[in-house]
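J.: Below is a structure I'd like to ask you about.
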Amino acid sequence: MAAALQTNIRPVKFPATLRALTKQSSPAPFRVRCAAASPGKKRYNITLLPGDGIGPEVISIAKNVLQQAGSLEGLEFSFQEMPVGGAALDLVGVPLPEETVSAAKESDAVLLGAIGGYKWDKNEKHLKPETGLLQLRAGLKVFANLRPATVLPQLVDASTLKREVAEGVDLMVVRELTGGIYFGVPRGIKTNENGEEVGYNTEVYAAHEIDRIARVAFETARKRRGKLCSVDKANVLDASILWRRRVTALAAEYPDVELSHMYVDNAAMQLVRDPKQFDTIVTNNIFGDILSDEASMITGSIGMLPSASLSDSGPGLFEPIHGSAPDIAGQDKANPLATILSAAMLLKYGLGEEKAAKRIEDAVLGALNKGFRTGDIYSAGTKLVGCKEMGEEVLKSVDSHVQASV
């Protein structure tokens with residue numbers, strides 16, 4: 001069985017302002033919760049984790065967009081901002097305070113900015129910002145990571161692939177997040193009988209772990225174009241033989257979804273040769289880690305890519321895939337679109353509010369259609385803008401809600 005990650009979350013004494021925040025009331029945790037609100041409106045509690053580097057900048061903008069799109073669709077949001085990562089280390093000495101975990105668990109969804117920075121690189125492992133993120137995922141029991149990779153027509157020339165290969169790419173990688181070789185036991189480094197050091201890890205998957213990620217993938221494919229490719233290494237690995245067997249058996253419950261199988265080495269090649277053949281990909285932890293990063297580069301900029309991590313019943317964790325970019329933090333240079341699109345995923349996959357999610361997605365396309373670009377996606381003939389102005393343009397498009405061309 002996959003070993004559980006030790007959280008080592010410690011209670012800390014917050015400054016008065018943060019203690020006041022943690023006293024806000026929230027409903028008991030379960031998937032897609034809705035508290036009482038104004039007549040005709042639904043209310044959701046959202047925990048915001050700005051984190052480090054450019055995180056606070058992009059979270060501030062995404063919050064405004066989320067609030068505006070929600071209000072236009074009859075939704076009300078109550079936001080609670082909590083520290084995590086390096087910001088929490090500086091504030092209270094640990095990367096994930098117990099109060100942050102409690103707030104996240106009691107919310108309907110969690111929106112994260114970014115984690116990490118040079119400042120904390122030399123910290124011991126348990127005091128690194130990234131440890132806080134791993135602990136948060138473990139605390140929320142998220143097991144399914146959804147990462148879309150879409151080449152928008154406005155940005156097709158930013159892709160490293162030829163236009164005819166990149167144009168029209170729209171795929172989703174569904175990665176199992178808590179099992180496999182990253183968590184399997186036994187693991188370690190030891191000295192063998194010859195006195196030589198040996199490092200070893202174990203790829204382990206139980207049937208229920210495969211079944212639950214496969215269900216997420218089938219449901220995701222059903223909402224997209226109805227095609228699911230399961231990626232494994234069943235010609236070599238026993239764990240992959242079981243993976244393929246379980247996914248194939250589950251396909252009987254989804255006759256409307258076309259299932260195919262592909263070995264991971266071939267999948268890695270096909271992603272750059274003909275990425276348009278893929279709709280939804282489901283795979284294990286380590287293969288998903290690699291393939292999702294590969295797929296992200298097809299789009300041309302990680303500043304455009306959101307992600308969602310889902311659990312069986314509790315709140316999901318939504319975040320851009322880019323890092324904290326401390327070298328541009330506070331300079332109004334960050335691209336907020338990945339975080340804005342993460343807010344759209346929060347609405348769609350976390351709360352089931354697809355109309356509000358579509359409003360945000362259309363607004364992003366609307367701003368791009370008008371030619372606005374941050375530095376990472378800028379090209380000749382477009383208008384270079386900063387983080388704040390890009391956010392303002394998306395907000396304008398949310399208000400107008402003109403169906404954007406794709």
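Using N, Cα and C of the backbone, Cβ positions are placed for all residues, glycine too.
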J.: Which of these, ARG147, ARG187, does Swiss-Prot say binds substrate at the same site as ARG137, ARG175, ASP265?
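T.: So the substrate site in Swiss-Prot includes ARG137, ARG175, ASP265 plus, from the candidates ARG147, ARG187, ARG147.
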J.: Quick one: among the binding-site residues ALA325, ALA329, which has the most Cβ atoms sitting within 10 Å of its own Cβ?
T.: ALA325
J.: Select one residue from ARG147, ARG175, LYS233, LYS333: among these recorded positions, choose the one with the most other Cβ atoms within 10 Å of its Cβ.
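T.: Result for the most crowded candidate: ARG175.
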J.: Among SER71, ARG137, ARG147, TYR182, LYS233, these being the recorded positions, pick the one whose CA is nearest to that of LYS333 (NAD(+) binding site).
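T.: If we rank SER71, ARG137, ARG147, TYR182, LYS233 by Cα distance to LYS333 (NAD(+) binding site), first place goes to ARG147.
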J.: Can you tell me the three-state DSSP label for ALA329 (NAD(+) binding site)?
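T.: ALA329 (NAD(+) binding site) sits in coil per DSSP, no helix or strand.
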